[in-house]
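What Swiss-Prot records for C6-C14, C16-C28, C22-C39 is disulfide bond, and it gives similarity to another entry as the kind of evidence. What Swiss-Prot lists as region 'Disordered' is 39-65. Under the heading O-linked glycosylation site, Swiss-Prot lists T45, citing similarity to another entry as support. Here Swiss-Prot flags 55-65 as region 'Interaction with fibrinogen-binding exosite of thrombin'. Sequence annotations record features per position, and here Swiss-Prot assigns compositional bias 'Acidic residues' to 55-65. The sulfotyrosine feature in Swiss-Prot is assigned to Y63.
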Amino acid sequence: VVYTDCTESGQNLCLCEDSNVCGEGNKCILGSNGEKNQCVTGEGTPKPQSHNDGDFEEIPEEYLQ
């Protein structure tokens, strides 16, 4: 399963740096110039993987504990 990167707004659980999930109160920001994505303070929501509205990837249960 492929998980998408995250941007601000909405939910506070998102995938960051491959399989690392940003927890409560954090969001994932995309790295630039070859830098890795980072978890920072703020909420995040998954980006859709396709062009269909609302087509978001789910976060596995094991990450939500």
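Using the three backbone atoms N, Cα and C, a Cβ is placed for every residue, glycine included.
On the structure: features taken from Swiss-Prot.
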{"residue": "C22", "record": "disulfide bond", "Cβ within 10 Å": "27"}
{"residue": "C28", "record": "disulfide bond", "Cβ within 10 Å": "27"}
{"residue": "C39", "record": "disulfide bond", "Cβ within 10 Å": "19"}
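For the pair formed by C39 (disulfide bond) and C28 (disulfide bond), distance between Cα atoms is given as 4 Å, rounded to the nearest Å. Spacing of C22 (disulfide bond) relative to C28 (disulfide bond) is 6 Å (Cα to Cα, whole number). For the region 'Interaction with fibrinogen-binding exosite of thrombin' (55-65), the model's pLDDT averages out at 61.
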